[in-house]
């Protein structure tokens, strides 16, 4: 069996997220599976690096699928983009060793969250950022974000229900940069729990607005309690930027 | 009477252009006039620096209106953005001398046209650029674009019907820059005829694809004949970037 790896970019605005749903055609995985199954004339299941929620975007989601089809890589690439809707684009198609698995083999992931921080909104960035009127103290947020770096139990920053799976993750790097009115928050880590980036963002915003001290991040980590953390920021500011193997 | 100047940004995707139409509410001018008339409780006519076509965007369109209303500038600004649709944003509101006229007083305008030049399309830039698969020779296009600079009769680059008005305009500057797969074409001039930038672009693309020589631009200028020029490129790549007074 051939194993085909896809790197995918999507504007998540009108989708119910990555994961195929029984009663909705409006998922990224669902769209890809129906186009690819049609192409190879047999039902295909694609494995994603992980889910993204409804409304979340991706610049570099990764997925793979197995097939006996002999269609050349370049033809697969052209066919998929031709039949996919315009807001889902396959950027790269490569043939990988049969054992490669998009989810199990992930080393780390990069997420980016955008906040448009000005009282006048933006006509072009409204669907790709969260609009916040009150001015953020970026230096405060940088200090607070450093406390996330390292290996921690991130369950306080997650919407996961009680689980037997580990909620310990490592964040390798956080970067915050302001360009004009746009503030860009970059997170690189070995894994992210359900809603983790958006809850981290809701908590960092409270620090940036000086409603909370920098030590708030420590408090959330120590509490291991979702209700201590800030709110879940909306999905349209979030991008799955890259998956590393 | 107070004279209020607006600087406006809009995503033109779903509009029939700038100019108010009798049977459509879907124009930028129409939207602005209905919000502002409601605000000052009397019918307001706004004067734009010029029209933009259906689907064309703006980062810095300028308009003005006269009113007896005493509402403070900051309140006007907040009110307008609150009631406008999210894809039209007033970036700046200022009070100007009564004689200021958005159209008559224009010194020059800056337009930008974006081409996404790669066989793989972009999920995020599809509504804000023209997608061209064949590779453009940028150096060729730079040479050709220099021939536009200066004072010329641009009627060959326009969709205007026979007219008594002058079709002589001055282009002060053209700049072409490539960033990744995106090619950005900047035009600054004292005025632009109907469809002029989009027909210039259609003609420059023929040079960039080496279907025409660099001298093609001279031929079009000399011919004074629309049918000699290239096709009109689609509206979604075009931005009215700035109006200078």
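Placed from the backbone N, Cα and C atoms, the Cβ positions cover glycine too.
Record features (TrEMBL):
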DOMAIN    A:8-105  domain 'Pseudouridine synthase I TruA alpha/beta'
ACT_SITE  A:53  active site, nucleophile
BINDING   A:111  substrate binding site
DOMAIN    A:144-245  domain 'Pseudouridine synthase I TruA alpha/beta'
- What DSSP reports for the domain 'Pseudouridine synthase I TruA alpha/beta' (A:144-245) is 33 helix, 31 strand, 38 coil
- Reported as an integer number of Å, what is the Cα distance between residue A:111 (substrate binding site) and the residue listed as 'active site, nucleophile'? 13
- Item | Sparsest-packed among the recorded positions, when each Cβ's other Cβ atoms within 10 Å are tallied, from A:53, A:111 | A:53
- What mean pLDDT score does the domain 'Pseudouridine synthase I TruA alpha/beta' (A:144-245) have in the model? 96
